Amino acid sequence: MMGTYREFRPWLLLLVRRRRRFLLGALLVWITLMAGLALLGLSGWFITASALTGIALSLGLPARLDVYVPGGGIRFFALARTVARYVERLYNHNTVLTLLADLRYRVFGYLTHFDDARLHGERASDWLSRLTADIDTLDNFYLRLLVPPLVALLGVVAVSLFVAIWLPGVAVLMALTLGVLWLVATLLAAVWGFSQSYQQVVDQQLLRRLVVDQVQASAELMSYQTAEWHRTLIASQERQAFSNSRRLGRKTALLNCVVSVVSGVMVVAVVWLASLVFSQQLVAGPILVMAALIALGANEAFITLPASFIKLGASHAAVQRLNELADVPTASKASATLPEGRGLDIQANQLSLRYAHTLGPALSKVEFYLPAGKRAVITGNSGAGKSSLASLLMGRLKATQGEAMVGGVPSLQLSTESRAHHFAMLTQQVDLFDASIAENLRIANPTASDVMLWEVLRAVAMDSWVEQLPKGLATAVGEKGHQLSGGQGRRLALARLMLGNPQVVILDEPFAGVDSATAKHIAASLDKWLINRTAIFFLHQVSSLKLLPGIEYHWHLDAGKLSQCPLK
Amino acid sequence: MVTEETLSLSPRSWLQTLARGERKRLLGSALCGVLAGSQTVVIVVGLAWLIDQLVIHDQSPMSLLPIFSLLVGCVLLRAAFQWGHETLSLEASLRIRQRARAQLLDKLSALGPVWLTSQHSGSLASQVVEHIDTLEGYFARFYPQLRITFCLPLLILAVAGWLDYLVALFLLLSAPLIPLFMALVGMGAERLNRDQFVAVSRLSAHFIDRVRGMTTLQLFGRTFAAQQDVWYATDEYRRLSMRTLRLAFLSSAVLEFFSSVAIAVVAMYVGFGLLGYIEYGPSSSLTLFSGLAVLLLAPEFFQPLRTLSQHYHDRAAALGAAESVVNILNQPSLVSGHRHLPPLSERSAIELTAACVAYPSRGQVIGPITLTIQKGEVVAISGISGSGKSTLLALLADFIAPSAGEYWRQVNSHYAWLDQQPCLLHGSLIDNLRLAAPDASREEMVAALQRAGFGALLTQLPEGLDTLIGERGVGLSGGQAQRLAIARVYLSNAPLVLLDEPTASLDQETEQFVMTALLELAQEGRTLVIATHHPAVIAVAHRHFAFEKGELVEVVS
């Protein structure tokens, strides 16, 4: 229990920052509940009082009943309930959305500290696929798990105190029953369903992996005629998941029944107790009816509790995963800076890299020196270690052994600002954002003028294409740049690079997906732009080697080992 | 087998078909719901009677003890019906989801590897797992509740009419309003939910978009700006959605208003009637019993509808999920369903006569091709990328059915497949080898791994064959994965091996190894068809075909 609380704590603290919203929202829900109970109770009182007065009048006894005050009260509560419900829903929805912004802001903040191993590691698809769902789970926490129990508890207190004015015994009965019911519907439900609702999330994840396998291995499964075998794996996992869900669902149903039985029996008990008091003429008939009807309406506060609390385990799973993201190995105080306005050399000192959970190193003892302002090319197949080497040089990964130095400073010790200012890299997989061409370019330089944008577009031979687009620079590139072809996406990313003024440039496959005429144009632009900058090209195909201008060094990377190649 | 009629599925019709499969349970659940509701009616009427007896007729509580215990019995009975209602719909929803998932997985198999590789496997997995699970709320809650909403108010109306026809008339007058309000609430809630669904998914997409591009944001030092952007985007969405919600919540407020007003109106009517202020209609025969009973029945009349409106988002979510699933179900299947005829000649492994391949979107890609491959032959197929060599291989592998012409192959003979990115399953080394031969023994597996040059690695693995590999375990390099894939080929004993660029993107050592392995497979008498542009691979082939300008021609060396 304490462990669970500790996991939730940082997120609850985030809620505490909005505590006024939270309390006001709960108050509004409480008012709605109270207005409903008051409406029912007052109506019952009024009817009974009317009936008794009517009988007295018909018997010729002197009797009077003020109909205006209760009548007005009934109308007021009817209206108050409607209005309070409307305001409450609106207000709480606003709170939930505000929290969503807070939560996303915080989680995004965690992710900004990730290094390349975590961003693109093998496990990345796992957390990414659940990220928004996990945040939503936490977001719902407020409306499902915090407000309702608070309101129910306050409701119990208010109702008991009110009834205690006339019927203290009945009030004690109500307070005790509803108090126990509150514990059952919250704590007991949470504990009872915890492991199963936790398992539900795990099951979903396992099933997801099996389905991903079926999709990715479809060729193998079909050719070896083992698709049926794999489907039985999925089926058995699904059966297991469903029997878990069934158990959880039945527990929920059972708790709902308990709430229904306890609150129902309580109403009967309240009437019974009150009638005993009534038969001793210690309380008036209308009061008895009012107490009974309030008891009848009180269960409204409890109906939704079990179903929400029984899923606490699922929320816990979500919180655990989000906490894992927060668990960033405290980034060493990287604060070194590089000198302005002079060329920077690159040196790899016996660089070795081994990823966690792999056999064999990704890079072993890579050693080279590239003087400032010179250009080099490193060739190698995919998987040879080019991306890893690039990440090490840019200080985005920590080497297992050895050190990457830029301008005489270990690049890992450079501050993020300094790295962003002096380094630029065209990554193997370019990231374009779901925004306009101009916005995608301005990521490199927010203050760049349109003239500058056109200039870099011309450098990658995309200016005439953008010009003929109806929206020009404002054209949206779509999610992951899907509105552009692969080659266009790379060229746009390259243009973006040219908006900055870095001293060290790494270009991973700058000509991929580009026809040879365009490649020549781009090579010429690069030649001009790269003057006085230190540059490394990473290439897969040796055939595009001859395109590269001004290359003075050529290394080849094979299975993590670097070797020198003769320049042709 | 998926038939052509599935091509015209709509989200609604698909949901209806699914519901039909579990009609009995869903109906049973609705029935139990109605019975539970009717117990509530009995309880409130009973309470009213009890109170009337106590307060007006001065009965002693002891003499009413049987009635008290009867009420307790009703409470228990109601709980029992509730249990039936919930568990039946739970079971129905579980079975429906199982069936829907099986249908979708069948469809994925029918679409085959050619279609699947063009898709994002993560988003397909979301369809199969999360989207199918989204159907839960619809079948477990909304669907039975809709049936309850049709029956229960009528029952309550009948009881109210028996007690006081004027109140029943009042409820009845509001009854025509109910469908109206239902439509209003429905439309309001549906539009709201649809808009919300779209907006939320767009916003999530924005968030994920920025997360995916984190590397770029870090490289340009723009992470903080992007973080603020995430907050502003969500907050802007909040502002916009609050504007629409103000209106949308009105429709549910109307329902709330109706149920509150019903209580108020009935209370006033009954109160004044009992005081004798109302002269007409049945009000002179009003008693505390009938008055209290109708008062308590009035909110119950609206309760089913209120519950339904609470479950409306389940429906919207299910429709949204169904739409994306149906999109897949409506794709034309690529994989051929029928069995192959054996080749005309005993000695040939594969015979193609004027076979063509056409994609629904792109028309004919290759063909007509006539080709005979003898058993034990090693055939290389070359051509520039996009020329059709992968498509031919997909045709030979049955990943896509010929659009015209004939394809003969040994019936039920399995074959091995190897491409440049061998697939690793989430699981142990054993699971990954079972992919090729589910019944292989551990000894056979170890032998196959050793032949594939994986032996040295195997000794390094902490738990040998049981070591988990891939995302959750030990990561393998491209070369190591390719060796594992070759072990699969050895293990399968498949007489025919289809290889798509098996040597692309390998380090030199592994490349050499794959070459040797290919020769070994050929010496075992297996038939090899290799799509490749690697000169060394072409050199070892017995025959060499090349795609030139869309035609397959044999290259005679």
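Note that the numbers count up from 1, one per residue, in the order the chain is shown.
Backbone N, Cα and C atoms are what each Cβ position is placed from, and that goes for glycine too.
Unlike curated entries, TrEMBL annotations are predicted automatically.
Predicted, not measured: the structure shown is a model, and the values here were computed from it.
The annotation transmembrane segment is assigned in TrEMBL to A:21-47 (among others). With a cut-off of 8 Å between Cβ atoms, the residues of this chain six or more beyond the transmembrane segment (A:21-47) that come close are 15, 67, 70-71, 73-74, 77-78, 80-81, 84-85, 87-88, 91-92, 94-95, 98, 142, 146-148, 150-151, 154-155, 158-159, 286-287, 289-294, 296-298, 300-301.
Taken from TrEMBL, the feature domain 'ABC transmembrane type-1' applies to A:23-314.
Per TrEMBL, transmembrane segment is recorded for A:67-84 (among others).
The transmembrane segment annotation in TrEMBL covers A:145-167 (among others).
Look at TrEMBL and you will find A:173-194 (among others) tagged as transmembrane segment.
Positions annotated as transmembrane segment by TrEMBL: A:253-277 (among others).
Residues annotated as transmembrane segment in TrEMBL: A:283-303 (among others). Listed by sequence, the residues of this chain that lie at least six past the ends of the transmembrane segment (A:283-303) yet keep a Cβ under 8 A from its Cβ atoms are 33, 36-37, 40-49, 52, 148, 151-152, 155-156, 159, 162-163, 166-167, 170, 174, 178, 181-182, 185, 256, 259-260, 263-264, 266-267, 270-271, 274-275, 277.
For the domain 'ABC transporter' (A:346-567), the model's pLDDT averages out at 89. Annotation source TrEMBL lists domain 'ABC transporter' at A:346-567.
Residues 149, 152-153, 156-157, 159-160, 163, 248, 251-252, 255, 258-259, 262-263, 266, 269-270, 273, 295, 298, 302, 305-306, 309-313, 316 of the same chain lie 6+ residues outside the transmembrane segment (A:173-194) yet bring a C-beta within less than 8 angstroms of a C-beta in it.
Taking Cβ pairs closer than 8 Å, the transmembrane segment (A:67-84) reaches residues 28, 31-32, 35-36, 38-39, 42-43, 45-46, 49-50 in its own chain, all 6 or more past its ends.
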